[in-house]
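Notes follow the structure.
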Amino acid sequence: MTTATAEAQASTAQPAGVGRIARVTGPVVDIEFPHDSIPGIYNALKTTITIGDRSTEITLEVAQHLGDDLVRAISLKPTDGLVRGGEVRDTGSLITVPVGDVTKGKVFDVTGEILNAEPGEKIEIAERWPIHRQPPSFDHLESKTQLFETGIKVIDLLTPYVQGGKIGLFGGAGVGKTVLIQEMVQRVAQDHGGVSVFAGVGERTREGNDLIHEMEEAGVFDKTALVFGQMDEPPGTRLRVALSALTMAEYFRDVQKQDVLLFIDNIFRFTQAGSEVSTLLGRMPSAVGYQPNLADEMGLLQERITSTRGHSITSLQAIYVPADDYTDPAPATTFAHLDATTELSREIASKGLYPAVDPLTSTSRILDPRYLGADHYRVATTVKQILQKNKELQEIIAILGVDELSEEDKITVSRARRIQQFLSQNTYMAKKFTGVEGSTVPLKETIESFDAIAKGEFDHVAEQAFFNVGALSDVEEKWAQIQKENG
């Protein structure tokens, strides 16, 4: 079924039927309905599990029609306690989530239940939208290309983000994807004053808890809606939670006419959940065991993340790369949809340089003088050339040592090392680890600073003065302190 059909179905809810559970296989439940009231694909079903004196209502989503009045549904909660013959009610509509200002400062699950409501607190929900929706039509799309300034030097200079674009943060385990996403949540609220929607897809519950506390401390929680479907949730929840968050973001864009930031951590878990659901539904797997409709599933999500006339959803997606293999179908399928890719390198992280962005492999479609201006493009290209030349010289240095290089190459290596150190930056989220306050560097200052280093104006300053600082004024201050300590 197309999303168009699904949306139409949501707006004209069918008469609800009542069915009986025929079979339960993990999160997959087969349900028999009367012949004249079989629920449509994507319809939300409800049933109640009673264990002892405790009753819990769970939601299921119809995934297949099996024939003989049977439908196959995926449960969004654990199915422990479900029994054959149990009653299941068709809601007559798709899964819906609350939208609007009521979502700010709230934590939701995939079905729109509020997880952080105070005991006895009554929350008025005026409007709910179905999570399966059509992407904006072609004539409503915004063709303007505009830089999204982050205040992080390595990103703004070498892999600039697009307003209303899709940005991927690639990296293996433990290289700083989640920390960088948390940093961006804080910067957007502080510097742009915009609304953020955060989707926690199949990540650690501890990280979600830490994020909420950090946002409360930073005073940005009230401008953010959070939707979580964590690692311990069934695959149906992890597959749908990104759509729930995206629906909330679409309301801010389309109805309130705001620019929105959508954070998804982690888009790989969305693909992984799709693979699990596909296997549970009995589909034949494709390459590396992924679902045969991998590209289609990814497209349905990514096509809805876009700019409409005057308003945008800018999305930042953390993408786990299994075993650091970029040819894996999951990250490879995501690449096709992105406007900018920020690759986080284990090698750079091991040197203690954060954000651990690889300046040579990270890319952006707007790294072009038509979009950025001649100065920005010239400096970015020069910096990349110096870093590339340094990378090529490392083999010679490893065998023969620095002394065997020509004078020109020695200068290149020296400047490259200063640039590498200066690409690191003290971030707000890392303050608890480093004790150093975060910094925001304006784009103009970033361009001028790297231009000066590339031209050799700071060749006299020791490398360590460039480490983990914001602006060049911080470098000069640190250098004066080092000289003072050394007498």
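Backbone N, Cα and C atoms are what each Cβ position is placed from, and that goes for glycine too.
Residues or ranges marked as ATP binding site by Swiss-Prot: Gly171, Gly172, Ala173, Gly174, Val175, Gly176, Lys177, Thr178.
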Give the sequence-ordered set of same-chain residues, not counting Gly171, Gly172, Ala173, Gly174, Val175, Gly176, Lys177, Thr178, with Cβ within 8 Å of the centre of the Cβ atoms defining the ATP site.
-> Tyr320, Leu344, Ala349
Nonlocal neighbours by CB distance (under 8 Å) for Val175 (ATP binding site), same chain, sequence gap 6 or more = Leu344, Ser345, Arg346, Ala349, Ala356
Cβ atoms near Gly176 (ATP binding site) (within 10 Å, other residues, all chains) = 23
Looking only at Gly171, Gly172, the binding-site residues on record, which one has the least crowded Cβ, with the fewest other Cβ atoms within 10 Å?
-> Gly172
For Gly174 (ATP binding site), what is the tally of other C-beta atoms lying within 10 angstroms of its C-beta?
-> 10
Of all the binding-site residues given, Ala173, Lys177, Thr178, which residue's CB has the most CB neighbours within 10 A?
-> Lys177
